[in-house]
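A.B. asks: When I checked TrEMBL for this same protein, it listed these features:
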- Ser171: active site (ACT_SITE)
- 83-304: domain 'Alpha/beta hydrolase fold-3' (DOMAIN)
Amino acid sequence: MDNMESSKLEEIAFDGGPPVLRIYKDGRVERLVGTQIDVPPGIDPKTNVESKDAVYSQETAQYLRLYIPKNSTSSSAQKFPLLVYFHGGAFFTWTASSPMYHTYLNSLVAEANVIAVSVDYRRAPEHPIPIAYHDSWDALKWVASHYGGNGHEKWLNRHVDFNKVYLSGDSAGANIAHHMAIRIGKEKLDGINLAGIMLIHPYFWGKEPVGDETKDPDKRAKIERLWRLVSPTTSGADDPWINPFKDQSLASLASLVCSRVLVCVAEKDVFRHRGWYYCERLKKIGWKGEVEMMESKGEDHVFHLLEPTCDSAMAKLKKVAAFMNQGP
């Protein structure tokens, strides 16, 4: 190691270890994953899905990306279900414009024939938890403002069936989708009739293992350490933001107007057991809705984003699309 590299490493206040991120003592953040150049919106040549960006918060200048199916803008009468999507990345990496999310949303919109809104939120550690949740709620309120056809975006005014709104996300985004669904249930956001939520490889954790979850202290400590990085004021792995089973938030789903939940897990994913546990708890608290599970055999965390054309990814895409097309 040369002197320059040695000096650089000595300045590190936190090293998540490749390929995660580094925080330097002067406050600089070096992300080692999710660093691909963001892609612009437009017409996707493979699916003919059209996308554009819109600012949902003038105060923070945060944006979201809207997607609409092929040739939909030419018909003012056609209405589509609405998918509000929250990207993953452990709250610290990737954006709504990252190539793999842009590719995924184009494919999902084409398959499901829905309108989608992909939310970009401020990331930790520069903007620690709970800022991502606050931004996501602001985005939902902006979306809801189009109910009645008086919002800023004509795609939402003209083409969205607000009786069929779905929330989804992967990993940290699935965590956000859960908390947004809970908040909608508590605050009854006017204009949003929540038809269902789809949690893809949800990023939930806890101090004590559930099911056959790993008991390896090093692995568990690494996950908790990363959580503390994005949420420095946290109480730990049982913080309700990351462990919804430790407070009353999950019980709130029992009275939620949402009638359907889909949870997707991957066999090799360290978070797999939390997804199964989520469904078990929903049933135990007496929630009256329909719970569906999908497990992808032989696959790991967010495999469908990394290898979007593999058979398992295509099967999961079709399952999520069918879930929205089936009802309510």
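Every residue number used here counts from 1 along the chain in the order it is shown.
Cβ atoms are placed via backbone N, Cα and C, with glycine included.
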A.B. asks: Taking the Cβ of Ser171 (active site) as the centre, count every other Cβ atom within 10 Å, in any protein chain shown.
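C.D. replies: There are 24 such Cβ atoms around Ser171 (active site).
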A.B. asks: Which whole-number mean pLDDT does the model give the domain 'Alpha/beta hydrolase fold-3' (83-304)?
C.D. replies: 93
